[in-house]
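Copied over from TrEMBL:
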type	residues	note
DOMAIN	40-513	domain 'Major facilitator superfamily (MFS) profile'
REGION	554-573	region 'Disordered'
TRANSMEM	40-67	transmembrane segment
TRANSMEM	87-108	transmembrane segment
TRANSMEM	115-135	transmembrane segment
TRANSMEM	141-163	transmembrane segment
TRANSMEM	175-194	transmembrane segment
TRANSMEM	214-235	transmembrane segment
TRANSMEM	322-344	transmembrane segment
TRANSMEM	359-381	transmembrane segment
TRANSMEM	388-409	transmembrane segment
TRANSMEM	421-448	transmembrane segment
TRANSMEM	491-509	transmembrane segment
Amino acid sequence: MVGGGNTGDDVYTAALQRRQGLMGASGPSALVKNFKVFRIAAFACIGGVLYGYNQGMFSGVLAMPSFKEHMAEYDPFDDDADQTKKGWLTAILELGAWVGTLLSGFFAEALSRKYGIIMFVSIFILGVIVQATAIQAGPDAILGGRFITGMGVGGMACIVPIYNSEVAPPEVRGALVATQQLAITFGIMISFWIDYGTNFIGGTERGDQKDAAWLTPTCLQLFPAVVLLAGMVFMPYSPRWLVHHGNEEKARDVLASLRGLDSHHELLELEFLEIKAQSLFQKRTVAEHFPHLKEETKWNIFKLQFVAMGSLFKTKAMLRRVMVGTVTMFFQQWSGINAVLYYAPSIFKQLGMSDNSTSLLATGVVGIVMFIATIPAVLYIDRVGRKPVLVIGAIGMATCHIIIAIIFAKNEDQWETHSAAGWAAIAMVWLFVIHFGYSWGPCAWILIAEIWPLSSRAAGTSLSASSNWMNNFIVGQVTPDMLAEIKYGTYILFGLLTFIGAGFVWFFVPETKRLTLEEMDTIFGSEGVAQADFERMEEINRDIGLTAMLMNGHEHEHEHERSPELSDKDSAA
């Protein structure tokens, strides 16, 4: 969506080459170099800790007798009872998250990324408080509280990656967005072990266990939520949001502070002008096509979210982005990861672990291996790239599912006498989450945060994330019935879908590493974009001096390559 004909391509090719020459290599050293940005992104990722903690915590709570006492038919003691309502108890959080995700685009634009996070963490806190009343109110409080909590989780899960991607320089953007997934896995890990510990409060048997066994892990999530709420007040705004809302001077200052560079440094000037060009492009497009919405009022911003959402389906290039974002999230959820996270104790029990404490212990291992496996993604995703990691991870996950299905089919009625087979299946579950941890966990969120142009980033990310949450909801709802009815067929289904996911990535998902957010237009193509859009972007690039800066720098580089001796003489003179 930039430039006209070859001129537009030349501008962005020059931009990419010039920036890569200035910014240096990706990897752990780049994180050290950009430690301030890393620190800010890591703090925002407390939102990811809340998401992961809530996911993992509830799987253990579902297995606790004291919790079941208050849930009646929603979580029956009889494993042969109807499992549909149990699915609702789990999946209603995803339904709330889906609603929160759809609303997040508007609040991210109207309030800023920063205050959008603050608003949604406040909603999260309210939902936890409602759940804490379940001793008196029963399942209705859990259902209502988890829906509200889900809205907070969904909003944060959408806005935090946007915020991190917009404060990050290109060479560490993938790592900082992957930090969100690392935070999620950290939350999952600590929640599993907190569940394991609190499971012993009063005893582990029905009638002995105290309500504190499940109330403690439920209420503990308030602490990081309050820390995030208070700390985000002191975090910087997104420079991209500031530019788009007319505060260029502050945006330049924030960008200089984030990069640790002088405000007139060439690399900073290059990044600032590209951000400004995209912002002006959106504003001029809105003014031309929707003149009644060009005033930046809250109501117009709200209506523009629907306009932006509709625009995602109008050109081939944008439809390709929609496909990459929504289908990637579809395959992430139908890999079966949240079936494991939500129902791990039940799954391990079905694989031969009759003791609840032992199954919780095995669940705790899930959290540890997933967290450890996510760390390489944070360090090396910008060096290795997204596409190979996604393909390898999908093949690994799918293979684990098929092996589990084979072991299950052969030993379904003889776990007591074939305990080694049960442990082999459990080891495959652990290996499955390792493959997810380094691949589809972080990479899927990186893709949906970075593939969109500024004009439709909030709407595009919301649409992609809504696919995650809707499929998450479906998986959470149907998994108890699938485990009860088709048993090992559950793993065959997840395995086949994940193999298909590997093929989808290989054939349809482009590589996006080390490109700026604005340069995504180039790799997704510009088919179907009106010539007027090309001309508008060309005009903007010329008006703000971006074209001259890039092309002059490009010419100087070629002059140096052709005449190194002349350059030496000039330097000596």
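For all residues, glycine too, the Cβ spot is worked out from N, Cα and C.
These numbers come from a predicted model, not from an experiment.
Of the Cβ pairs linking the transmembrane segment (214-235) with the transmembrane segment (359-381) and spaced 6 or more residues apart, fewer than 3 are under 8 Å, so the two regions do not touch. The listed stretches are 115-135, 141-163, 322-344, 359-381, 388-409; of these, 141-163 has the most Cβ pairs under 8 Å to the transmembrane segment (40-67). By the Cβ criterion (under 8 Å, sequence separation of 6 or more), the transmembrane segment (322-344) is not in contact with the transmembrane segment (141-163), since fewer than 3 such pairs are found. Just going by CB pairs under 8 A, the stretch in 87-108, 141-163, 175-194, 359-381, 491-509 that sits most against the transmembrane segment (421-448) is 359-381. Between the transmembrane segment (175-194) and the stretches 87-108, 115-135, 141-163, 359-381, 388-409, the greatest number of Cβ pairs separated by less than 8 Å involves 359-381. Remote same-chain residues near the transmembrane segment (359-381) are listed as 27-28, 31, 56, 59-60, 63, 174-175, 178-179, 181-182, 185-186, 188-193, 195-196, 199, 340-341, 344-346, 348-349, 353, 389, 426, 429-430, 433-439, 441-443, 446, 513 (criterion: CB distance under 8 Å, separation of at least six residues from the stretch ends).
Below 8 angstroms of C-beta separation, residues 41, 44-45, 47-48, 50-51, 54, 58, 71, 74, 88-89, 92-101, 103-105, 107-108, 113-114, 116-117, 119-134, 177, 180, 238, 445-446, 448-449, 457-458, 461-462, 465, 468-469 of the same chain, each at least six residues beyond the ends of the transmembrane segment (141-163), sit close to that stretch.
Below 8 angstroms of C-beta separation, residues 54, 58, 62, 71, 74-75, 115-116, 119-120, 123, 127, 139, 142-143, 146-155, 157-159, 162, 241, 301-302, 305, 308-309, 342-343, 458-459, 461-462, 465-466, 468-470, 472-481 of the same chain, each at least six residues beyond the ends of the transmembrane segment (87-108), sit close to that stretch.
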